[in-house]
Amino acid sequence: MAYNRYFEDEEMENLDPNNIKRILTYLKPYKYKVAVSLLLMATAAFADLLGPYLTKVAIDSYITVGDYQGLTMISLLYLALLALNGLAVRYRVLIMSKVGHQVVRNIRQHLFQHIQRLSFSYFDSIPAGKIIVRVMNNVNSLQNLLENGLINIITDVFRFLAILIIMLNLDLRLTLISITVMPVLIIIIFLLKKKIRIGWRTVQKKRSNMNAYIHESLTGMQITQAFVREKKNSGIFSDLQTDYLKNWMKTVMMSHGIFPIVLLINTTSVILMYLFGINYLNQNLVTIGTLIALLQYIWRLWQPIIDISNFYNQVLVANSAAERIFDVLDTEPDITDLPGAVTMPPIQGEIKFEAVNFSYQPEGELILKDMNFVVKPGETIAFVGATGAGKSTIINLMTRFYDIDQGKILIDGHDIQQVKIESLRKQIGVMMQDTFIFSGTIADNIRYGNLEAERSDIEKAASMVYADSFIREMEAGYDTEVNERGSRLSVGQRQLLSFARTILSDPKILILDEATSSIDTQTEILVQKATQAVLKGRTSFVIAHRLSTIRNADRIMVLEAGEIIENGTHAELMAQQGHYYDLYMAQYNRVI
């Protein structure tokens, strides 16, 4: 279970404006398409900007003098510009939509690949639902910026400057009068921008909390219904939704509050243009065509400003999303290949723990304390002890899911911290206590540990663990589709499939963590027979609460509070009448 609670937001540093710059680096492979889009957008803007000027020419040069032939020509030119504008915009949208989707795909793929490299400690600290939000929702939040925002902002700045220059050339006085209200808008945007930025950042956090709770609730639905927690959980989710909606509404109101202000200021500038324009018209200081063109341009002048304010909101949303994406990407795995790490040679199976100390939390309580033991090649070692004694921790350290705090772990004399992780884990087969079945076919699940395996190999592995018979009884045999976590299978069937998956990988070291804990007694007897054959020639570790399953182990190590308190065969430990003897007698309540 991750340590975060769902009403707690992770502490984040101040929002880094460089996040957007980092996002833009993902556009580099598509720079030529972006350049074409810019050219198309510039073409569309040019065609649009000529419209009002053609209106001026039509009125002043043709309509007032009755030149209908000239008016027809300029009208056709105007229609051609409209068509050019429409085509340019259409193809720009098509190109950037494709680019936006590809960039989002690349970011999500990069993020997913990085997450798979992260150490277990990361997943201990962050709920899976919050990670899903970062991979899906946060990445999706970038799409609008990538598809439209970046191109539009460049075009809008160009349009604004071009319109302003044209207006100043048409009539300097009217233009200056109409834009006197513009500083008011700039001041308002400056005052609101910090609050809006903080608002969108908070919305991202609240959405993450809500989605994380959904994920956990779906995963634990059986427990929820078993303990009749539906109403309580619905209440918690309702509170999370309310918290999210409250912050979302507050931020949206601030963001969209800019638009009415822009519209009011825009209308004010148009009114000023009308009032002074009519006065100038009466004094013959401006032509009717020029005034109409200026009125059209003043409306167009404010559109880029509206777009830029909207773009600013997009940037704030995208920056908040990018912050959480890069928070993951900037998290380095705790467990990595050290400089100079070598490939692990084919494992023979000798394992040494030398004065190993370990705790899951920095400065936390030691789970393993000065652990020392040696395992010979081909030995089968069983670990016994109460929950929290350190049994699974030994396995986690041996596979480098976590790194030790002190001491050394040697396999065939090689310090496992000095070898490449992939070359180590490929030679270790682990059947975890919590069996996980992936969505797909039964054959795909067994093949998961060895993608090169043939169908015959899959069936052989299933037969070795006595899973073949129940698989063939299913509607499509090995091609039967199973749901995520194997909900259509019994607990015992899921464990048998996991057993087959482990065997198929042909590991040099085999680890069975509570491997038969949920299998019925009859199935357990069959699996034990198969296990004995599979363990031959391999160094193996078995963790089990059913002490009957480990009687044939070469050695049994009894753990308590992170220390080995007894070590020997079943017969030797029973003869000692120590802790193992007490556990065995308590479990079976009989005298040997």
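FYI, residue positions are counted from 1 along the chain as it appears here.
Including glycine, each Cβ sits where the backbone N, Cα and C put it.
Feature annotation from TrEMBL assigns transmembrane segment to 30-50 (among others). Here the transmembrane segment (30-50) has long-range neighbours at 81-82, 84-85, 88-89, 91-92, 95-96, 98-99, 102-103, 150-152, 154-155, 158-159, 162-163, 166, 300, meaning same-chain residues at least 6 beyond its ends whose C-beta is under 8 angstroms from one of its own.
The feature domain 'ABC transmembrane type-1' is assigned by TrEMBL to 35-315.
Annotation source TrEMBL lists transmembrane segment at 70-89 (among others).
What TrEMBL records for 150-168 (among others) is transmembrane segment. Beyond its flanks by at least six residues, the transmembrane segment (150-168) meets 24, 27, 34, 37-38, 41-42, 44-45, 48-49, 53, 92, 96, 174-176, 179, 294, 297-298, 300-301, 303-305, 307-308, 311 of its own chain at Cβ-Cβ distances under 8 Å.
Residues or ranges marked as transmembrane segment by TrEMBL: 174-192 (among others).
What TrEMBL records for 258-278 (among others) is transmembrane segment. Remote same-chain partners of the transmembrane segment (258-278), defined as residues 6 or more beyond its termini with a Cβ less than 8 Å from a stretch Cβ, comprise 173-174, 177-182, 184-185, 188-189, 192, 286, 291, 294-295, 298-299, 302, 305-306, 309-310.
If you look up TrEMBL, you'll see 351-586 marked as domain 'ABC transporter'.
Listed as Cβ neighbours of the transmembrane segment (174-192) (distance under 8 Å, sequence separation of 6 or more from its ends, same chain) are residues 164, 167-168, 254, 257-258, 261-262, 265, 268-270, 272-273, 276-277, 280, 286, 291, 294, 298, 301, 305, 309, 312. If one looks beyond the transmembrane segment (70-89) by at least 6 residues along the same chain, the residues whose Cβ comes under 8 Å of a Cβ in the stretch are 40-41, 43-44, 47-48, 50-51, 54-55, 57-58, 61-63. Restricting the average to the domain 'ABC transporter' (351-586) gives a pLDDT of 85.
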